[in-house]
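A.B. asks: First the structure, then my questions, so here it is.
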Amino acid sequence: MTTIPGGHWAPRSVPFREAEPRANGGRPHSPPPRDGEWCRHFPGGKFPRVVRGVRLWSSLISKTCRTGPVVMPKIKPGTSGRRRDRLEQSRELKSAGGLMFNTGIGQHILKNPLIVNSIIDKAALRPTDVVLEVGPGTGNMTVKLLEKAKKVIACELDPRLVAELHKRVQGTPLASKLQVLVGDVLKTDLPFFDACVANLPYQISSPFVFKLLLHRPFFRCAILMFQREFALRLVAKPGDKLYCRLSINTQLLARVDHLMKVGKNNFRPPPKVESSVVRIEPKNPPPPINFQEWDGLVRITFVRKNKTLSAAFKSSAVQQLLEKNYRIHCSLHNIIIPEDFSIADKIQQILTSTGFSDKRARSMDIDDFIRLLHGFNAEGIHFS
């Protein structure tokens, strides 16, 4: 038997002889077959045409006999989707100058210019306006704002995007109108501004809304992009399924309108949820209410918004808090508390006298909560 280095069969032109048994007692190698020679292991009963080169026929025949036809491995579900996502991400990186967006901190860049223009039109900006933008990203909206307003204050957390933003306006007349604040907007003291236009990171939606509403001096309006469900909660009315503490607290301090829906494919990279644009216009002057007191009452009633108020105030933790506040109030005003005083009876008496004992938070509007809060405060019970 003639072999080439590596133990493979030599080309057919080299004469073969019968293979000798292996030294370790294994099966002898079989010589390669001739064209047309009969074999029961291959379809049609004949060997395929022998390819010149390096094929070990004995190994091929052995595997065919033992295992039969070769079965291709199954592809795990989702593999093609992951590959498609990687290709899309690669294209996005090229179009964004090689920037990798961090979706963990809400970096979803609004890429549709029609949506950008529509948002800016809804803001009705004036040439004398100072505009606050949160999360400017690569500057798609920032450039449009700079063309409309006197000044744009952009608040950005990612230093890479800050550099990209400066690079985009560098050497243009717009550069002098841009001020960039680097850092977390929730920890930043906001300067004066007339309007706020922002594609917000969705995870800071709620705290940022109340930071805006408690900001002084008052701004004219805010046009903000939110997750769809959050936006619907902002505008929900009493009796709606999504009506909640967020709804009534926001509507106490501002007028809120849902402007338009925005699909996830208008962003790069696309988020997992749909979005909406909302207009928030603060009430100026604000209602004459201590917001901490108000929020304390609303927090208690909306923990279980489907329960009656009588049931909501039977919680031991709630009664302990209100009794503590009541005793402080009495000590400050030299009011003697009877020995048989019961905070539970006091609360029930107030709920009955105001007519809210059997009411549920889900169906109460702002006026109802104002009357209830005044009823508690008149009896010396406070929530902050």
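Note: Cβ is positioned from N, Cα and C throughout, glycine not excepted.
All annotation found in TrEMBL is predicted automatically rather than curated by experts.
Marked as S-adenosyl-L-methionine binding site by TrEMBL: H108, L110, G135, E156, D184, N199. Annotation source TrEMBL lists domain 'Ribosomal RNA adenine methylase transferase N-terminal' at 115-284. Marked as region 'Disordered' by TrEMBL: 1-37.
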A.B. asks: Cβ-Cβ under 8 Å from N199 (S-adenosyl-L-methionine binding site), same chain, 6 or more residues apart: which ones?
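C.D. replies: In sequence order, the residues whose Cβ lies under 8 Å from that of N199 (S-adenosyl-L-methionine binding site) (at least 6 apart) are H108, I109, L110, G135, G137, M141, M225.
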A.B. asks: Out of E156, D184, which of the binding-site residues has the smallest number of neighbouring Cβ atoms within 10 Å?
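C.D. replies: Looking at the binding-site residues E156, D184, the Cβ with the fewest others within 10 Å is that of D184.
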A.B. asks: Other than its own, how many Cβ atoms are within 10 Å of the Cβ belonging to G135 (S-adenosyl-L-methionine binding site)?
C.D. replies: 24
A.B. asks: Which residue among the binding-site residues H108, L110 has the fewest other Cβ atoms within 10 Å of its Cβ, if you could check?
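C.D. replies: It is L110 that, of the binding-site residues H108, L110, has the fewest other Cβ atoms within 10 Å.
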A.B. asks: In Å, how long is the longest CA to CA span across H108, L110, G135, E156, D184, N199, which the record gives as the S-adenosyl-L-methionine binders?
C.D. replies: 20
A.B. asks: Taking DSSP three-state, what's E156 (S-adenosyl-L-methionine binding site) in: helix, strand or coil?
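C.D. replies: In three-state terms, E156 (S-adenosyl-L-methionine binding site) counts as strand.
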A.B. asks: On the three-state reduction of DSSP, what should I expect for N199 (S-adenosyl-L-methionine binding site)?
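C.D. replies: Reduced to three states, the DSSP call for N199 (S-adenosyl-L-methionine binding site) is strand.
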